Amino acid sequence: MDKILIRGARTHNLKNIDLTLPRDKLIVITGLSGSGKSSLAFDTLYAEGQRRYVESLSAYARQFLSMMEKPDVDTIEGLSPAISIEQKSTSHNPRSTVGTITEIYDYLRLLYARVGTPRCPDHDIPLEAQTISQMVDLVLERPEGSKLMLLAPVVRERKGEHLAVFDELRAQGFVRARVNGKLYELDELPKLDKQKKHSIDVVVDRFKVRADLQQRLAESFETALKLADGIALVAPMDDEQGEETIFSARFACPVCGHAISELEPKLFSFNNPAGACPTCDGLGVKQFFDTKRLVNTELTLAEGAIRGWDRRNVYYFQMLGSLAAHYGFSLEEPFGELSAEHQKVILQGSGKQSVDFKYLNDRGDIVKRSHPFEGIVPNLERRYRETESATVREELAKFLGTQPCPDCRGTRLRREARHVWVGEKTLPAVTNLPIGEASNYFGQLTLTGRRGEIAAKILKEICERLQFLVNVGLDYLTLDRSADTLSGGEAQRIRLASQIGAGLVGVMYILDEPSIGLHQRDNDRLLATLNHLRDLGNTVIVVEHDEDAIRLADYVVDIGPGAGVHGGQIVAEGSPQEVMDHPDSLTGKYLSGRKKIVVPAKRTPRNKKLQLKLKGARGNNLQNVDLEVPIGLLTCVTGVSGSGKSTLINNTLYPLAATALNGASSLEAAPHSSMDGLQHLDKVVDIDQSPIGRTPRSNPATYTGIFTPIRELFSGVPESRSRGYGPGRFSFNVKGGRCEACQGDGLIKVEMHFLPDIYVPCDVCKSKRYNRETLEIKYKGKNIHEVLEMTIEDAREFFDAVPALARKLQTLMDVGLSYIKLGQSATTLSGGEAQRVKLSRELSKRDTGKTLYILDEPTTGLHFADIQQLLDVLHRLRDHGNTVVVIEHNLDVIKTADWLVDLGPEGGSKGGQIIACGTPEELSEMKQSYTGHYLKPLLERDRA
């Protein structure tokens with residue numbers, strides 16, 4: 001069967017659609033945000049494909065797999081087993097790295113265990129165990145006739161006269177020994193100074209090199225190795241200064257005896273006690289109480305320079321008072337003006353020195369005690385270590401910072417594992433290379449003999465997997481990069497690379513916007529990868545808005561015509577050209593140029609005197625860059641993937657602004673020199689795509705603050721007042737008005753053991769979340785449940801006479817969310833929808849015109865028409881005098897910005913510089929800018 005037939009799909013907002021898709025093709029599903037693309041791709045096709053495959057397994061196996069809900073569809077024919085690659089961040093486990101997720105690290109561990117050469121950490125000598133035959137062969141390779149002696153080092157740098165050692169050697173029949181580098185007969189030894197360190201090597205054999213010595217040498221080596229615990233020396237007989245050769249029969253340093261057991265893959269795993277650094281347990285970082293977060297240096301101790309140790313906490317404040325009296329400093333002096341010595345005593349303690357403390361007990365008596373002062377930091381460390389309360393830990397964690405582990409310097413591995421070499425690099429050195437460079441290194445690595453044979457297969461796997469990561473535009477990442485620092489787009493492309501590495505055939509892959517976070521330049525490589533996946537013999541279904549991806553597809557499905565209740569229908573399907581020619585397809589209109597996002601006729605000029613100036617930013621790969629952001633304009637930060645955009649804006653500019661303007665104490669900015677210009681602003685808002693809530697109880701009404709006035713309206717109805725109902729009666733989070741059978745969830749979870757848990761509608765309230773008495777209260781003929789079921793569009797009309805509500809509902813409509821329900825569960829909102837709910841909350845606040853808004857890729861999940869709406873909102877914020885900074889790859893957003901900052905020139909270590917600044921027109925003329933290169937034809941086309 002060469003087709004996938006879908007009949008009667010009604011999942012979520014799909015309106016009983018019938019669809020026939022070709023198999024083994026690249027299919028793009030597009031349409032407005034919220035039109036039903038994910039409902040078709042993930043909740044129907046993927047859910048059914050995965051469910052059928054899992055159902056073919058035994059009941060025992062099924063209990064270990066999470067099964068998806070059966071989609072609401074009549075029939076689907078021609079399905080293959082399905083694999084979905086979504087945008088979710090990979091892992092929040094601090095032990096996950098790019099290397100471990102892609103499994104490249106497992107191959108690297110195997111490579112280093114099987115062909116690695118351990119070296120002594122102190123003397124840099126290879127620790128190689130040799131057999132006696134190998135030792136004999138090496139000696140016989142010397143020029144014939146060479147006079148040599150074989151020595152056994154019996155004492156190494158030890159104090160004493162060592163008389164017992166010499167007696168033992170004489171008893172065994174030895175005649176000569178070398179003491180501190182000089183040869184002596186054992187009967188004519190000098191007296192040794194027992195206060196000094198000495199080295200003694202006994203002469204086991206003296207010989208001239210010739211071919212028939214094999215048997216004699218083997219016996220002599222055996223004797224020497226037995227005497228000196230596996231170590232033997234060969235030195236020239238006549239030349240005391242001559243170079244000697246050290247032989248070892250075990251993995252040990254012949255100089256200091258540093259030994260290592262046989263190399264095993266577990267020695268290179270930081271998730272195994274055998275390989276993890278014992279200081280940081282393989283995490284690479286140590287937590288510490290950061291005094292910068294702990295102390296407000298501008299306040300006095302009495303005012304609360306250290307939270308919890310001010311006047312309000314009598315016990316601790318009495319302690320500080322006694323300490324101040326003992327050391328002679330004032331509690332009324334700003335902490336920053338106290339001497340360094342006094343600051344150290346307060347924070348780190350008085351050591352062993354006792355201090356006289358006076359405490360006022362509950363009865364008003366003064367109690368005197370003399371003891372050392374623990375210090376605020378040790379006090380917090382002890383409380384953090386000993387407490388069993390999660391709340392206390394959470395509170396104290398706000399003051400914790402992290403720093404690289406002092407022992408392993410962030411490499412996570414123990415000392416032995418850090419000193420094993422393959423070629424010219426250790427394992428930490430390889431994992432610290434950008435993937436592109438690591439790929440080149442292993443591609444050129446040549447190992448000879450037995451090692452070469454063993455390594456060949458492992459190297460082939462490593463090189464292939466690294467190349468797949470390069471192909472999806474991730475050549476700038478390093479293998480030791482922590483997984484929780486990856487963006488959604490990066491995480492998805494890593495999964496994509498892993499799937500290509502698996503080389504499966506006949507599978508249905510479903511991807512969710514793989515182009516997120518990719519610069520136009522890297523997009524071509526990604527599309528080639530998707531084609532490669534299709535050419536292997538797979539059906540590749542992509543939910544995508546990217547123009548290039550739609551044009552390249554074999555088959556396009558456009559869902560619409562609107563979003564939410566207005567969507568869920570197939571508007572157009574067929575080749576890209578057929579969709580472009582379709583009169584009703586919104587996507588087709590934008591692709592064919594009948595509709596377009598217009599470039600502003602003129603740019604808002606910048607005022608050079610009003611700028612945010614960030615100097616010397618050095619976080620991650622940033623190379624001491626100076627950033628200037630014009631105040632009151634829409635600035636777009638662009639650059640290829642991995643060039644340092646997020647580090648510059650999210651990790652440096654935002655924490656600095658949030659600390660200065662919002663008083664955030666738990667945010668730490670990446671290294672930089674100075675920040676200027678924040679005095680022109682009054683607050684900063686970071687609008688990201690994280691969920692607005694992680695439980696079904698969170699919804700747009702609660703998040704935007706609409707629900708409170710709605711509950712107040714219901715509590716003000718005469719019937720409510722006569723019954724004594726307050727606003728709390730209409731909350732489904734507290735007892736009173738909610739249905740107690742389902743605790744206000746509307747659903748009841750039923751555990752099904754080896755089948756997926758199912759949520760069944762609550763029998764008591766019929767999914768309405770409230771009890772019967774609460775639902776009897778009506779406002780304008782509707783009860784609270786019916787209001788929550790309204791779409792934003794309907795609610796706007798319904799509450800038209802309530803200005804506070806009408807304004808907030810209007811802003812939700814302005815950001816393109818007219819179709820979502822007021823009470824829609826936050827867990828069902830896409831990333832783009834969650835971001836727009838946050839945007840609307842900001843828009844509905846009273847505007848001071850002095851806010852800095854930061855958005856990271858706000859076009860994720862947005863169709864051309866949605867982008868137009870988003871731009872209208874951003875321009876509206878800008879027109880009110882606010883400063884908007886957007887990190888973006890979408891050329892439609894870039895071309896409408898007032899000012900561009902382009903980072904590059906490449907990603908990773910080859911990036912981290914600001915290579916161009918200016919208006920879109922200026923940037924398009926700059927040869928060094930990749931963004932300008934793609935922007936130029938677009939501006940020319942739009943101006944035409």
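Keep in mind that glycine also has a Cβ here, set from the backbone N, Cα and C atoms.
Looking at the stretches 225-252, 253-280, 309-336, 785-812, the one that Swiss-Prot records under the feature zinc finger is 253-280. Among residues of the same chain six or more beyond the zinc finger (253-280), those with a C-beta under 8 A of the stretch's C-beta atoms are 95, 100, 106, 108-110, 112-114, 116, 118, 120-123, 125, 127, 153, 156, 231, 233, 246-247, 286, 405-408, 411-414, 416-417, 420, 427. In the shown protein chains, 29 other C-beta atoms lie within 10 A of the C-beta of S643 (ATP binding site). When averaged over the domain 'ABC transporter 1' (309-586), pLDDT in the model lands at 92. The Cβ of S35 (ATP binding site) has N13, I559, G560, G562, A563, G564, G567, G568, H863 as same-chain neighbours under 8 Å, each 6 or more residues away in sequence. Applying an 8 A CB threshold to same-chain residues 6+ apart, the list for G639 (ATP binding site) reads H519, K645, D902, L903, G904, G911, I915, Y930, T931.
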